[in-house]
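Following: one structure in structure tokens, then a few remarks.
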Amino acid sequence: MAKEALELKNEANKFLKEGHIVQAIDLYTKAIELDSTNAILYSNRSLAHLKSEDYGLAINDASKAIECDPEYAKAYFRRATAHIAIFQPKEAVGDFRKALALAPSDPAARKKLRECEQLVKRIRFQEAIHNTEPPSPLANINIEDMDIPSDYDGVILEKQITKEFVEDMKERFCQGKKLPLKFAYSILRDLKELLEKTPSLIDIPVKGDETLVICGDTHGQYFDLLNIFKLHGPPSPTNKYLFNGDFVDRGSWSTEVAFTLYAYKLLYPDAVFINRGNHETDDMNKVYGFEGECRSKYNERTFNIFSETFSLLPLGSLISDSYLVVHGGLFSDDNVTLDQLRNIDRFSKKQPGQSGLMMEMLWTDPQPAPGRGPSKRGVGLQFGPDVSKRFCEANGLKAVIRSHEVRDQGYEVEHDGYCITVFSAPNYCDSTGNLGAVIKVKEDMELDFHQFEAVPHPNIRPMAYANGLLSGM
């Protein structure tokens, strides 16, 4: 490796270790420009892309490293990890096998290959049993006959949820306590019944003295969610909330966040709204921690019922005919209309898959360049400012509001104002140092941005319940 390229690599490694990912990628890129045949440089940049969640770019760089040196085990390991991150375990198995063949004494490669093979077997088994529509996980449960544990000292959940119960539940969660299964199942059942009557695109009017608080990703950061309520008031009939997906996974209080949002939705069904994000899906939950958290804190049935409710969540919201709010972004087709979004049959499809309107609503990202481009994530696509403008003008919208990506300041107005990103998980995964933000909207439809910092939380690391295949990213 040329001396200057080596110096750039060493400096980039330092930035990466300190969590300054953008600077690290920039320096790796400069080093590659000086030495474009060095596998280590591509592999290191692949790791940086893994940390920034640009999994498609991570796969590309790992593949380039393999082209430069087909015997470089770490590159296969990086590529396998990126495939796992976008739930492509079958592709990952081959790379883990190659990494282990090249480094047979590496215990990490051996362990991850075994876990990946087990995951593939599990997927195949589930595919085999799901050829026919499985019964609801709520079937054959008589919730009313379930017992409440004798040591439960909280407010009792009656037939109708109450503000007293919700406030007590929130406080108990702060103390590390769980819901009795009777109450957990009751909340999930009632929420399921409510969502079954909800369209795929919901209309949210904001009138008179009402305020709507739009929140982006919260990702299991329960104590930051409570801080949002402290700063902007809890949900109420006049203080509405819209949560724009990705409220589970990564953070280690995802069940607490989910039950809190669901309880508020039941308490104020016309004032609390929840869009589906790409992490309210089975594939992501198996890898990023929510399934593991449900199993640890409750049981497998609890996860299966959550999964059923996730498949019923609306895919988008329309605020006073002015702003479309979706988790990911816009579409591969310029001619998509709001009526098409309303008519999506989310009840039969359930999971977003790899193509189609549902997938694009959950996965796509904006790009600075005009037109459309491949996704840096490896799923979906990227859309430019001209795409945003055409969509808004064709559908009579002021802008599209989306989430799905960290922003250093918690939000970003993009595409000449036609695309706005809001992200509400400050210091995401305890590592990025970003601010969180929410958007407040009143009847005049002016957007009011509010930023906030992370608050302390108990000493449980992010991804504590995640699949071990992602460790070391």
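Keep in mind that glycine also has a Cβ here, set from the backbone N, Cα and C atoms.
Listed as Cβ neighbours of the repeat 'TPR 1' (5-38) (distance under 8 Å, sequence separation of 6 or more from its ends, same chain) are residues 44-45, 47-49, 51-52, 68, 431-433. Summarising the annotation, Swiss-Prot assigns repeat 'TPR 1' to 5-38.
For the repeat 'TPR 3' (73-106), the mean pLDDT of the prediction comes to 95. Positions annotated as repeat 'TPR 3' by Swiss-Prot: 73-106.
Annotation source Swiss-Prot lists region 'Catalytic' at 159-472, citing similarity to another entry.
For His219 (Mn(2+) 1 binding site), the number of other Cβ atoms no farther than 10 Å from its own Cβ, over all displayed protein chains, is 28. Swiss-Prot lists Asp217, His219, Asp246 with the feature Mn(2+) 1 binding site.
Taken from Swiss-Prot, the feature Mn(2+) 2 binding site covers Asp246, Asn278, His327, His404, and the record attributes it to similarity to another entry. His327 (Mn(2+) 2 binding site): 26 other CB atoms within 10 A of its CB, across all protein chains.
Sequence-distant contacts of His279 (active site, proton donor/acceptor), defined as residues of its own chain at least six apart whose C-beta falls under 8 angstroms from its C-beta, comprise His219, Gly245, Asp246, Phe247, Val248, Asp249, Arg250, Asn285, Tyr288, Phe290. The active site, proton donor/acceptor annotation in Swiss-Prot covers His279.
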Neighbours of Asp246, Asn278, His327, His404 excl. site residues, C-beta within 8 Å of centre, Mn(2+) 2: Asp217, Asn244, Gly245, Gly277, His279, Gly328, Leu362, Trp363, Ser403
His327 (Mn(2+) 2 binding site) to Asp217 (Mn(2+) 1 binding site) - Cα separation in whole Å: 9
Cβ contacts of Asn278 (Mn(2+) 2 binding site) (under 8 Å, same chain, 6 or more positions away): Gly245, Asp246, Met284, His327, Gly328, Pro352, Leu362, Trp363, Val379, His404
Proximal but sequence-remote residues of the same chain as Asp217 (Mn(2+) 1 binding site) (Cβ under 8 Å, at least 6 apart): Asn244, Gly245, Asp246, Phe247, Gly277, Ser403, His404, Phe423, Ser424, Ala425, Tyr428
Cβ neighbours of His404 (Mn(2+) 2 binding site) where a neighbour is any other Cβ within 10 Å: 27
Beyond the flanks of the repeat 'TPR 3' (73-106) by 6 or more, those residues with Cβ under 8 Å of it: 39, 42-43, 46-47, 49-50, 53, 55-56, 58-59, 61-63, 65-66, 112-113, 116-117, 119-120, 123, 283-284, 286-287, 377-379, 467, 469-470, 472-473
Secondary structure at Asn278 (Mn(2+) 2 binding site), reduced by DSSP to three states: coil
